[in-house]
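Student: As annotated in TrEMBL:
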DOMAIN    8-86  domain 'Manganese/iron superoxide dismutase N-terminal'
BINDING   33, 78, 167, 171  Mn(2+) binding site
DOMAIN    101-200  domain 'Manganese/iron superoxide dismutase C-terminal'
């Protein structure tokens, strides 16, 4: 989420076309999610940072904390989320959903027994979020093991190094999956970019 100066954050380009994740995530959802929702977080974060830089009292700065946290988290989380996805290997569109043999697969099997067990545990935990939030696979900095956790609203993941993040706000799936969050969570594994996740994992464990 680097910015040249206060209030200069920009909406990142997607690393694929808006329809690249179909049929699992529709073009309509991706355009709305990226162009409208993420852009709104960027705009509001820039405005909050400018206001913060002009604030002259602790009270004024404290009053801006919620906007900075919500919109800054929205920008951080969505920037990671777009990189987290890829066209589905099952559709011949990319490497999405394919976990190759390597350090990440080994670590998932060590922590969860198998990829299928991991997906089930992740989906169960993430489906249990009350309201809006994010499901995460992250590296615990103390023991360097993979763990599943969640954050509410747009809170960024601070307790772990994020490896995979899944947006479970309704705007991420409602136009296609309506209120059936479980169907969205099952489908999204077809477009998870495990290659990108492995890079994050290796960085988090210092390899």
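The backbone N, Cα and C atoms fix where each Cβ goes, glycine too.
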Student: For the recorded Mn(2+) site, enumerate neighbouring residues of the same chain (Cβ within 8 Å of the Cβ centroid of 33, 78, 167, 171, site residues themselves excluded), in sequence order.
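Tutor: For the Mn(2+) site the neighbour list reads 34, 37, 38, 81, 169, 172.
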Student: Which is it, of 33, 78, 171: the one of these binding-site residues whose Cβ has the most other Cβ atoms within 10 Å?
Tutor: 78
Student: Output, ordered by sequence, the same-chain residues six or more apart from residue 167 (Mn(2+) binding site) with a CB under 8 Å from its CB, or 'none'.
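Tutor: Spatial neighbours, sequence-distant, of residue 167 (Mn(2+) binding site): 33, 77, 78, 81, 134.
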Student: From the DSSP assignment alone, can you count helix, strand and coil residues within the domain 'Manganese/iron superoxide dismutase C-terminal' (101-200)?
Tutor: 48 helix, 22 strand, 30 coil
Student: Which numbers of helix, strand and coil residues does DSSP report for the domain 'Manganese/iron superoxide dismutase N-terminal' (8-86)?
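Tutor: Breakdown, helix to coil: 53 helix, 1 strand, 25 coil.
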